[in-house]
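Asker: Below is one structure. I have some questions about it.
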């Protein structure tokens, strides 16, 4: 099982990815993790990436694809893999295609923007323990206070509504076009094209999981 999960930030991709990797016994491949590992191991690509990052630059798609190809040669990828947060752009998807990286499915988890803003901007955390709450879905017993210590809860900068809206805007501009890219490739009837499936990411976690596994069986 070789797949990509697409969807906006806050769509629940991380939660669903964990179910998929466990079920199919495949690794979740994150470009961030790969970059850190390559830099730490001092591989040729890692050294190249480190130079760019130390200079405050963005690591090129060429280096990223090289890292992906190296990673896919490792034995734990024999049964497949799940790409996490990659590809993010059309040039990356093109490079992946040109490199002959095989894919069985591309699944889009669709969640309306208003739902995502409510999900993310409603999160509150207790910094010392990491306990998390949600003002609507999992509220503390006393508004704004941790259940255990009674200490104030905070909203992380990442969860502020303006930050969430900015992240969604970046997704719409950069990553959303991938949905059309993979959907049209699948429709073109190319035998190498992955199957494209869209599921709703709204509802209970187990319901979304059931939809996802149904999509991967069709």
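Keep in mind that glycine also has a Cβ here, set from the backbone N, Cα and C atoms.
For reference, Swiss-Prot lists these features for the protein:
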- 10, 11, 12, 13, 14, 15, 123, 132, 133, 203: ATP binding site (BINDING)
- 31, 36, 57, 58, 59, 85, 86, 87, 88, 92, 156, 167: AMP binding site (BINDING)
- 30-59: region 'NMP' (REGION)
- 122-159: region 'LID' (REGION)
Asker: Looking at the region 'NMP' (30-59) alone, can you tell me the average pLDDT?
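Answerer: Summarising the region 'NMP' (30-59) by its mean pLDDT gives 87.
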Asker: Work out, from DSSP, the number of helix, strand and coil residues along the region 'NMP' (30-59).
Answerer: 22 helix, 1 strand, 7 coil
Asker: Pop the Cα-Cα gap between residue 156 (AMP binding site) and residue 123 (ATP binding site) into the table, whole Å please.
Answerer: 8
Asker: Is the region 'LID' (122-159) packed against any residues at least 6 beyond its ends, judged by a Cβ distance under 8 Å, and which are they?
Answerer: none
Asker: Going by DSSP assignments with H, G and I as helix and E and B as strand, what are the residue counts for the region 'LID' (122-159)?
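Answerer: Grouping H, G, I as helix and E, B as strand yields 3 helix, 10 strand, 25 coil.
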Asker: Compare all C-alpha positions of 10, 11, 12, 13, 14, 15, 123, 132, 133, 203, the record's ATP binders, and send over the largest distance in angstrom.
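Answerer: Overall maximum Cα spacing for these binding residues reaches 19 Å.
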Asker: Between residue 156 (AMP binding site) and residue 12 (ATP binding site), how many Å separate their Cα atoms?
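Answerer: Roughly 18 Å, rounded to the nearest whole number.
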Asker: Across the record's AMP-binding residues 31, 36, 57, 58, 59, 85, 86, 87, 88, 92, 156, 167, the largest CA-CA distance in angstrom?
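Answerer: Across 31, 36, 57, 58, 59, 85, 86, 87, 88, 92, 156, 167, the two farthest Cα atoms sit 30 Å apart.
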Asker: Work through the binding-site residues one by one (10, 12, 14) and name whichever has its CA nearest to the CA of residue 86 (AMP binding site).
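Answerer: Minimum Cα distance from residue 86 (AMP binding site) across 10, 12, 14 lands on 14.
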